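Visitor: Below is the structure I would like to discuss, written out as structure tokens.
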Amino acid sequence: MAKADFYETLGVAKSADEKELKSAFRKLAMKYHPDKNPDDKDAERKFKEINEAYEMLKDPQKRAAYDRYGHAAFEHGGMGGGGGGFAGGGFSDIFEDIFGEMMGGGRARQRSSGGRERGADLRYNMEITLEESFSGKTAQIRVPTSITCDVCSGSGAKPGTQPKNCGTCQGTGRVRAAQGFFSIERTCPTCHGRGQIIPDPCPKCHGQGRVTEERSLSVNIPAGIEDGTRIRLQGEGEAGARGGPAGDLYIFLSVKPHEFYQRDGADLYCAVPISMTTAALGGTFDVATLDGTKSRVTVPEGTQVGKQFRLKGKGMPVLRSVQTGDLYIQIQIETPQKLTKRQRELLQEFEQLSSKENNPESTGFFARMKEFFEG
């Protein structure tokens with residue numbers, strides 16, 4: 001069966017540049033990746049074709065040879081026998097090249113000599129109250145993670161034995177092989193890039209050097225921390241494989257909405273409803289603040305809806321600072337409901353006694369509107 005044209009496989013023109021090739025490959029690889037299409041042989045075949053096409057076209061020399069000779073340029077002395085295919089670990093190498101940054105830097109970059117691998121970073125979501133954000137706290141959390149195996153001390157080898165250098169790659173984790181007119185390097189298919197093999201695996205961790213366990217950790221939440229803040233606990237992530245360094249644990253904080261207060265940076269806002277008569281005649285009321293005290297607010301007569309009163313220093317603490325924000329009281333005026341007959345009579349009498357000076361805003365507004373429409 002004749003091979004499909006590499007350009008057609010990727011859905012690009014022969015004049016496509018490197019950026020267009022990479023973009024086309026990324027979209028197709030994500031669509032047909034085996035993890036998204038388990039047990040789908042057609043998707044697996046398509047994924048291999050996509051990888052093969054991109055491997056050839058991304059290299060200027062290989063692309064030039066293909067443009068000139070077609071598939072014939074790679075049909076002699078290719079890997080895996082006759083067809084110049086991608087036997088062994090080639091697909092993962094290409095996939096890491098494109099998606100390395102998306103997948104934490106790629107496996108090859110996570111490994112060091114001796115097959116050691118850095119552990120994965122972990123994420124833990126924590127929700128706290130506004131009061132806890134105000135005062136700070138120390139929280140105890142339990143995190144399921146991988147820790148270093150205590151039987152083999154992370155080596156992955158059965159006690160009394162040691163890992164050995166891979167005979168295929170001589171401990172380098174990479175092998176070179178001829179493909180057509182070219183010689184390319186790829187991950188060793190025997191040790192999968194680790195450079196070592198474990199003849200006698202540890203009975204507890206089965207050669208991984210780590211086991212799954214739930215750990216208890218203490219997390220310090222500083223006063224003033226905001227919603228969406230990320231706290232990094234270095235070395236508290238997943239244990240590294242075969243003695244590699246541990247990853248980090250990231251605590252992602254969210255602050256619960258408060259019943260009375262809304263936060264904006266270090267400032268707090270509280271909407272307080274007062275009666276119509278209090279707004280007209282003036283008065284006082286107390287508000288509870290997050291520091292556990294009460295503050296008295298004096299409302300002058302004639303206070304309008306939306307009026308703000310500032311309580312200096314009654315807001316949130318500024319993170320890692322001695323400064324604090326302010327608390328703003330926003331006045332809302334409540335219109336009375338379910339009036340008695342006598343209350344209605346008094347309000348009607350009040351309305352009759354009112355003058356333009358009592359309601360300058362509404363009087364002025366309707367006067368301007370009348371002038372606007374009548375000219």
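Just so you know, glycine gets a Cβ as well, placed from its N, Cα and C.
Swiss-Prot lists 5-70 with the feature domain 'J', giving sequence analysis as the kind of evidence. Swiss-Prot lists 136-214 with the feature zinc finger. Residues or ranges marked as repeat 'CXXCXGXG motif' in Swiss-Prot: 149-156, 166-173, 188-195, 202-209. The Zn(2+) 1 binding site annotation in Swiss-Prot covers Cys149, Cys152, Cys202, Cys205, and the record cites sequence analysis as its basis. According to Swiss-Prot, the Zn(2+) 2 binding site annotation covers Cys166, Cys169, Cys188, Cys191.
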Visitor: In the repeat 'CXXCXGXG motif' (149-156), how many residues does DSSP put in helix, strand and coil?
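Guide: Secondary-structure breakdown of the repeat 'CXXCXGXG motif' (149-156): 0 helix, 0 strand, 8 coil.
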Visitor: With the repeat 'CXXCXGXG motif' (166-173) as the reference, find which of 149-156, 188-195, 202-209 contributes the most Cβ pairs under 8 Å.
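Guide: Looking at each of 149-156, 188-195, 202-209 in turn, the most contacts to the repeat 'CXXCXGXG motif' (166-173) are made by 188-195.
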Visitor: Using the alpha carbons only, what distance in Å do you get between Cys202 (Zn(2+) 1 binding site) and Cys188 (Zn(2+) 2 binding site) once rounded?
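Guide: For Cys202 (Zn(2+) 1 binding site) versus Cys188 (Zn(2+) 2 binding site), the Cα atoms are 23 Å apart.
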Visitor: How long is the line from the C-alpha of Cys152 (Zn(2+) 1 binding site) to the C-alpha of Cys191 (Zn(2+) 2 binding site), rounded to the nearest angstrom?
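Guide: Cα of Cys152 (Zn(2+) 1 binding site) to Cα of Cys191 (Zn(2+) 2 binding site) measures 19 Å after rounding.
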Visitor: Pick out which of the binding-site residues Cys152, Cys166, Cys169, Cys202, Cys205 has the most other Cβ atoms within 10 Å of its own Cβ.
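Guide: Per the Cβ count within 10 Å, the most buried is Cys152.
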Visitor: Given the Zn(2+) 2 site residues Cys166, Cys169, Cys188, Cys191, which other residues of that chain have a Cβ within 8 Å of the mean position of their Cβ atoms, reported in sequence order?
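Guide: Checked against the 8 Å cutoff, the neighbours are Gly167, Thr168, Gln170, Gly171, Thr172, Gly173, Arg174, Val175, Pro189, Thr190, His192, Gly193, Arg194, Gly195, Gln196, Ile197.
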Visitor: Roughly how many Å lie between the Cα atoms of Cys149 (Zn(2+) 1 binding site) and Cys188 (Zn(2+) 2 binding site), rounded to a whole value?
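Guide: So the Cα of Cys188 (Zn(2+) 2 binding site) lies 26 Å away from that of Cys149 (Zn(2+) 1 binding site).
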Visitor: Taking 8 Å from the centroid of the Cβ atoms of Cys149, Cys152, Cys202, Cys205 as the cut-off, which other residues in that chain fall inside it around the Zn(2+) 1 site?
Guide: Asp150, Val151, Ser153, Gly154, Ser155, Gly156, Ala157, Pro201, Pro203, Lys204, His206, Gly207, Gln208, Gly209, Arg210, Val211
Visitor: For the domain 'J' (5-70), how many residues does DSSP put in helix, in strand and in coil?
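Guide: Looking at the domain 'J' (5-70) with DSSP, the answer is 48 helix, 0 strand, 18 coil.
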Visitor: When you rank Cys166, Cys169, Cys188 by Cα distance to Cys205 (Zn(2+) 1 binding site), which of the binding-site residues ends up on top as the closest?
Guide: Cys166
Visitor: Looking at the repeat 'CXXCXGXG motif' (188-195) alone, can you tell me the average pLDDT?
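Guide: The predicted confidence over the repeat 'CXXCXGXG motif' (188-195), as a mean pLDDT, is 85.
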